[in-house]
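This report refers to the structure that appears directly beneath it.
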Amino acid sequence: MQILLANPRGFCAGVDRAISIVENALAIYGAPIYVRHEVVHNRYVVDSLRKRGAIFIEQISEVPDGAILIFSAHGVSQAVRNEAKSRDLTVFDATCPLVTKVHMEVARASRRGEESILIGHAGHPEVEGTMGQYSNPEGGMYLVESPEDVWTLNVKNEDKLSFMTQTTLSVDDTSDVIDALRSRFPKIVGPRKDDICYATTNRQEAVRALAEQADVVLVVGSKNSSNSNRLAELAQRMGRRAFLIDDAADIQEAWVKEAVCVGVTAGASAPDILVQNVIARLREFGGGEAVTLEGREENIVFEVPKELRVDVREVE
């Protein structure tokens, strides 16, 4: 059985930054550090940080006065930000800079009183945070997930309308929704390209190349990870058996028993140690040496806040 690895896969710059913010805060200030929502959607990462003293909460009211609070990589609404500001808290923002860029687009539309449409998945924390940047009662903020949603949407003024997208969507699905928006609202204005981030786009491109060669695809990522789910869906659409797994223990031998080639990738919030564990498990099932496919090089780095720019090893 051949083992192929998608390239790129795993951590993106926004996830790296968010985890570093929590790790550095723990090293500098000591436990406990409070984090609103899971800092990234990965069980292994969250459990590891929890063991070191991070406390994950959903409501600001759960944070005691004088504590350190970190916003997750998914971002928060303006209401949450204001609530935190009204409290005696030291706040660090781990929102991915590419999510912040979308927040700024929404805030700009809100100031102008222009209506905005967000393409995204209802209930996802990134969507809640992005929708929460809009506050102008003269305009309006709407969420659509599919072309069908677009055709049933009613707005106040079709001449002053813009759209944005969640950063972790399916590139293909989003293109279909944008086509519907432009057809329904010919004067709608959007970003030069959609707001789907480079890492999401690159990992979908990589899993497409992987699925062309593999007959089974394993996606390492947690069930609540939007970008990981999109990778598994894409492989399935290409006619491959694809499974979303948290770690190597989830793999069932029956999935790969008849496989000639198994492809492995990982969502943007999944650490490489989980991929290595999956490779080891596949080798127990008769897999050979893992071969990494050629792919797009990524060299983007997002800096942590200057107050947290320390060598954690020195602090420890």
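Cβ coordinates come from backbone N, Cα and C, glycine included.
Pulled from Swiss-Prot, these are the features on record:
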type     : residues                                                     : note
BINDING  : CYS12, CYS96, CYS197                                         : [4Fe-4S] cluster binding site
BINDING  : HIS41, HIS74, HIS124, THR167, SER225, SER226, ASN227, SER269 : (2E)-4-hydroxy-3-methylbut-2-enyl diphosphate binding site
BINDING  : HIS41, HIS74, HIS124, SER225, SER226, ASN227, SER269         : isopentenyl diphosphate binding site
BINDING  : HIS41, HIS74, HIS124, SER225, SER226, ASN227, SER269         : dimethylallyl diphosphate binding site
ACT_SITE : GLU126                                                       : active site, proton donor
> How far is it from HIS124 ((2E)-4-hydroxy-3-methylbut-2-enyl diphosphate binding site) to CYS96 ([4Fe-4S] cluster binding site), counting Cα to Cα, in Å?
Replying inline: 15
>> Run through HIS41, THR167, SER226, SER269 for me and report the binding-site residues whose CA is within 10 Å of the CA of CYS197 ([4Fe-4S] cluster binding site), in sequence order.
In response: THR167
> Just going by other Cβ atoms within 10 Å, which of the binding-site residues THR167, SER269 has the emptiest spot?
Replying inline: THR167
> Should CYS12 ([4Fe-4S] cluster binding site) be counted as helix, strand, or coil on the basis of DSSP?
Replying inline: coil
>> Spatially, which candidate from the recorded positions CYS12, CYS96, GLU126 is nearest to SER226 ((2E)-4-hydroxy-3-methylbut-2-enyl diphosphate binding site), comparing Cα atoms?
In response: GLU126
> Other residues with Cβ within 8 Å of the Cβ centroid of HIS41, HIS74, HIS124, SER225, SER226, ASN227, SER269 at the isopentenyl diphosphate site?
Replying inline: VAL40, GLU126, THR168, ASN224, SER228, GLY267, ALA268
> Can you tell me how far the Cα of CYS96 ([4Fe-4S] cluster binding site) sits from the Cα of HIS41 ((2E)-4-hydroxy-3-methylbut-2-enyl diphosphate binding site), in Å?
Replying inline: 13
>> Can you name every residue in this chain, apart from CYS12, CYS96, CYS197, with its Cβ inside 8 Å of the center of the Cβ atoms of the recorded [4Fe-4S] cluster site?
In response: ALA13, GLY14, VAL15, ALA73, PRO97, LEU98, VAL99, THR167, THR168, TYR198, ALA199, THR200, ALA268
